[in-house]
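Here is the structure we will look at.
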Amino acid sequence: MSETATWQPSASIPNLLKRAAIMAEIRRFFADRGVLEVETPCMSQATVTDIHLFPFETRFVGPGHSQGINLYLMTSPEYHMKRLLAAGCGPVFQLCRSFRNEEMGRHHNPEFTMLEWYRPHYDMYRLMNEVDDLLQQVLDCQPAESLSYQQAFQGHLEIDPLSADKTQLREAVAKLDLSNIADTEEDRDTLLQLLLTMGVEPHIGKEKPTFIYHFPASQASLAQISTEDHRVAERFEVYYKGIELANGFHELTDAREQQQRFEQDNRKRAARGLPQQPIDQNLLDALAAGLPDCSGVALGVDRLVMLALGAESLADVIAFTVDRA
């Protein structure tokens, strides 16, 4: 294919056929388990407050709205799906487009396909088992292994992430030849994320998927804090062959605590010179009305297909990447 023929798809037709078969297999997986497929909006008047996520923004100027309404493309269907859960829909899954105004590369595209599902009355470990079942079915891989966040850091970096201070974290980063970044970084969680990305991820999930669970409580996001150890959150991620595939939570159901976390995110955004984001009041109202105890997970479908096909990059499994869109 000529590099100038940008009308052509980035992925080959045989790969797109295989992708379609995997999408059908995912739907069968959930149909066999009685999980309802749902569709939720791609746009919302509120968005995520996470300091590491950057949403696309647009403006609706249709009849009756001459002043316009700010809308955000969804970085994940999470908030709308939780509103469905609070309304009593039971276990749900969704295959949808998500959007993040961030990088483009081998493992990233600003528009991507997300698989997200929620299981009422599942704890984190039971959902991890279901994720493992799906990966074995789609990837024909070995059963996954699991490490706590603390075990992963102690094993690969010889540091305890739950007790180390910022000086110790900077010293650990310096051993990875990244002191030029760490020397000016004041946020503890950013240092931990740097260590996870550069010092842990390259060493895990090589032969089989690896779950990392019990992230620090400061990185809980929308997850519950563990009742057994208040230093950690009921949150997990799964990695395979150098790729982060999924991020899951035992979901927070306390509306007041969730609002406090959103507000704290916005304070962090302001301190970094980032725009503060509108908080999703509809989500908070749904939590207040009663979100059932549940666990949920978001999985990158394009990355899953890439692994299933042994492809080198997302461009090999997406019909049109952003540079050809």
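Cβ atoms here come from the backbone N, Cα and C positions, even for glycine.
Note that this is a predicted model, so its numbers are computed, not measured.
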Among G296, G300, G310, which is the one Swiss-Prot gives for the ATP site where R100, N101, E102, N109, E244, L245 also bind?
G300
Among E251, E257, E263, which residue does Swiss-Prot annotate as binding substrate at the site that also has S76, P77, E78, Y118?
E251
Within a 10 Å radius of its Cβ, which of these binding-site residues (S76, N101) has the fewest neighbouring Cβ atoms?
N101
Restricting to the chain of E102 (ATP binding site) and a gap of 6 or more, list residues whose Cβ falls under 8 Å of its Cβ, or answer none.
L53, F54, H108, P110
Excluding near sequence neighbours, so keeping only residues 6 or more apart in the same chain, what lies with its CB under 8 A of E251 (substrate binding site)?
K82, Y118, L222, A223, Q224, L291, D293, C294, S295, G296
Take the Cβ of E78 (substrate binding site) and count every other Cβ within 10 Å, whichever protein chain it belongs to.
24
Please state whether DSSP places L245 (ATP binding site) in a helix, a strand or coil.
strand
Of the binding-site residues N101, N109, E244, L245, G300, which one sits closest to E78 (substrate binding site) when you measure Cα to Cα?
G300
With neighbours defined as other CB atoms within 10 A, the best-packed of the binding-site residues P77, G300 is P77
